[in-house]
Amino acid sequence: MDYTFQFGELLPYSDLIARGVLSTVILAIVTTVLGCLLGTLGAAARAGKQTFLSRAVGVYVELIRNTPFIVQLFFIFFGLPTIGIKLTAGEAGLLAMVINLAAYSTEIIRAGIESIPKGQLEAARTLGLSRTQTFTRVVLPPALEKIYPALTSQCIIVMLGSAVLSQISVEELTFAANFIQSRNFLSFEVYMVITVIYLLLAILMRQGFKLIHYFMFPNLRARS
Amino acid sequence: MSVFSDWDILRNLLLAARWTVVLSLIAFAGGATVGLLLTMMQVSGRTLLVRFTRLYIELFQGTPLLMQLFLVFFGLSLMGLEVSAWFAAALALTLFSSAYLTEIWRGCIESIPRGQWEASRCLGLSYFEIMRHIILPQALKVAIAPTVGFSVQIVKGTALASIIGFVELTKAGTMLNNATFEPFKVFGMVALLYFLLCYPLSVASRKLERKLNVAR
């Protein structure tokens, strides 16, 4: 293999890459917040009695979990305008990511809720807590704590999945990579650098989640 | 210019779905083979081997599958190999799934209580005898449900092969969309076909999990 790597050729494009990183980070943060919130609501709906709502959420979760993200993205970006819902590429991408993460986090958080012993619910009810109070104060905190690692991994997977958004011309990190390699044809160098950036983002995100965990579950600190 | 009826669209999608299935099977077989090797390295206890597999898993789980596809696709041609989208997709998906399968299987093997290792050692069994007769038969049972569950991820992962130009279900969908301008219908059908491929696997994984839990 006689090939000289020309990583230096990428330097003029550092601005573009930086902007790509920024969009990917913003997408990841917004998706994580909205996705986890919706997931909590979805899990609350799923955990209750078998109502129409809980069934509907169940169907939604199964539909999203059993189809590829890129197809969901194309459906939202290309398909929805034909029924009158027009979205920019960025909006469509964000919507697809939130919908995707919400489905997975619904399932993950539901598993956490189901792991809470029934006795705790009964005790809370006996103490006179309302249904909402029971859910937000007794059930949810330990449930979230239990599934925290799984939720972290899923959020990171969705962040990495955002690479696909370049396919509908959202200007994120992979889009920057595609653009640069179309200019200087150094495809391997470009994708190598971008891959390393994604790896760093994933590591950073994991550390960020650890930090949030530290502040979110203070009672854990006391124990350990 | 020919006009596409609904049946034409569905027929073409079904024909392309074959390649999704074939690619999934190849990726799963390849991923399982490499994954098995890596799992063996991971549980061997040799520091160097364990570190290598840790790094391997970290790399493949910490980067987008799309980037892995691009790197394999462009990297191999850089080395002077003529690669088809077919081969690049199969290789990238193999590497990707092997990382996840290794992680799953390591967990399964480690779920077997340490005491069994010690007991087997006391009975004078060698490492391979312990693996073959004591650990693997039990770990295999634990591994079935999550492995079937992960196969759903592989099927969905093959959709990304469309980006490097491999004509499978998703690529056929975009091509048909370009010809018919009916994205709602076309991508709806594509999603439905993926669902039909993946949902049975998801259900099977859940059923197996429940069944094997009761048995224990």
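Cβ atoms here come from the backbone N, Cα and C positions, even for glycine.
All TrEMBL annotations are machine predictions without curation.
Per TrEMBL, domain 'ABC transmembrane type-1' is recorded for B:17-205.
Annotation source TrEMBL lists transmembrane segment at B:16-38 (among others).
The transmembrane segment annotation in TrEMBL covers B:59-79 (among others).
As annotated by TrEMBL, transmembrane segment applies to B:85-105 (among others). Residues of the same chain lying 6 or more positions beyond the ends of the transmembrane segment (B:85-105) and with a Cβ under 8 Å from any Cβ of it are 23, 26-28, 30-36, 38-39, 42, 53, 56-57, 59-61, 65, 68-69, 71-73, 76, 139, 143, 146-147, 150, 153-154, 157-158, 161, 164-166.
For the transmembrane segment (B:142-166), the residues of the chain that approach it from at least six positions outside its boundaries are 19-20, 23-24, 27-28, 31, 65-66, 69-70, 73, 85-86, 88-89, 93, 96-97, 100-101, 104-105, 107-108, 111, 174, 194, 197-198, 201-202, 204-206, 208-209, 212, judged by C-beta separation under 8 angstroms. Per TrEMBL, transmembrane segment is recorded for B:142-166 (among others).
Residues or ranges marked as transmembrane segment in TrEMBL: B:186-204 (among others).
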Remote residues contacting the transmembrane segment (B:186-204) - C-beta distance under 8 A, at least 6 residues beyond either end: 9-10, 13-14, 17, 20-21, 24, 148-149, 151-152, 155-156, 159, 169-170, 172-173, 176-177, 180
